[in-house]
Amino acid sequence: MKIAILPGDGIGTEIMAEAVKVLAVLDLKFETETALVGGAAYEAHGHPLPEGTLNLAKAADAVLFGAVGDWKYDKLERQFRPEQAILGLRKHLGLFANFRPAICYEQLTHASSLKPELVAGLDILIIRELTGDIYFGQPRGRRVAIDGHFPGAEEAFDTMRYSKPEIERIAHVAFQAARRRNKKVTSVDKANVLETFQFWKDVVTEVHAQYPDVALEHMYVDNAAMQLVKAPKAFDVVVTGNMFGDILSDEAAMLTGSIGMLPSASLDKSNKGLYEPSHGSAPDIAGKGVANPLATILSAAMMLRYTLNQPEAADRIESAVKAVLSAGLRTGDIWSEGTQRVGTRAMGDAVVAALSGKTITTITKG
Ligand code: IPM
Ligand code: MG
């Protein structure tokens, strides 16, 4: 087994170091190879997703990804911006199914901006289609308008589109995931306005016929955004398109107190995957040793479970993370009165200690 390690930019390198440390104590047989991606790759090779990095990702059994992006690249031509690396990996590896769990850990119920009773025990799964929709739809670009409200004016346009097989395969993924959970799927659309999402709704309904044991509800995206903060526990699996999924998954993440806790998986049709924390590169705190490495560590656990067939090792990591939280250790993003503030490295060390069965008492500085 080979894991491609792509730390990326900003806090990416710091959080990845902790995840690699955790993987190393598990006593599993795998090889790792590290490569540059995002802004770091652009600086070194003039492209955010150099061929060597892409080939490594393709050849590996799984990819563990940190984060990419920095404001300093905002002025670059789009094709050279760090975000193109993750979009390119999704496209070239065919990673169409994005799993974004939003789990509120018991120990962090009070870190949520919502009332504790609304989020206590929250465990929902957002499944976002990741290689279609307005993100990848062609044509797109800038031109002079020939119609619309201002003919002759400069305009920009993107194309929202979904083919039937694209919707079918993500619907299957969602229904199958729901079968392993609480057997409910909420399909989020904008069928009242958009042709693409009326089609989405029709196709999801058709696929549902094969899953009579799973309940299906349809919800408009604006209402879903509202229900997520009103009664988030009413959801189980949410399935939606690329654009709506981008927005709703950030919203859902925040219900749990910190996006710094949430892992994600992006899978292809044979469960090969890229695993990354749901948060970004946080350039404002990069290099300070204060970032929360738990989302990346939990992403490594997801990788062991979904792609590398090591569910026990995944369980061990997840239990170790809970043990560390129960011991009261917190990075700044999840810190609250009465808990102990620690840095990135100390948090990683504590997870390693918990994995080795040590009581978490001695804390490394930094
Ligand atoms: C995400 C991010 C990406 C997206 C960006 C970095 C391109 O926001 O993974 O949610 O929009 O998909
Ligand atoms: Mg996003």
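Placement of Cβ uses the backbone N, Cα and C atoms for every residue, glycine included.
Automatic, uncurated: that is what TrEMBL annotation is.
Together with Arg90, Arg100, Asp222, the substrate site in TrEMBL holds one more listed residue from Arg128, Arg140, Arg181, which is Arg128.
Separation of the C-alpha atoms of Tyr135 (site 'Important for catalysis') and Asp284 (NAD(+) binding site): 27 Å, rounded to the nearest whole number. Maximum C-alpha to C-alpha distance over the listed NAD(+)-binding residues Gly280, Ser281, Ala282, Pro283, Asp284, Ile285, Ala286, Gly287, Lys288, Gly289, Val290, Ala291, Asn292 is 16 Å. With a cut-off of under 6 Å between the Cβ and any atom of ligand 2, the binding-site residues Arg128, Asp246, Asp284 reduce to Asp246.
Listed recorded positions: Lys190, Asp246, Ala282, Lys288. Those with a CB atom under 6 Å from ligand 1: Asp246. The residues near the Mg(2+) site, meaning same-chain residues not in Asp222, Asp246, Asp250 whose C-beta sits within 8 angstroms of the mean position of the site's C-beta atoms, are Val221, Ala225, Met243, Phe244, Gly245, Ile247, Leu248, Ser249, Glu251, in sequence order. If you take every residue in the domain 'Isopropylmalate dehydrogenase-like' (2-351) and average the pLDDT, you get 96.
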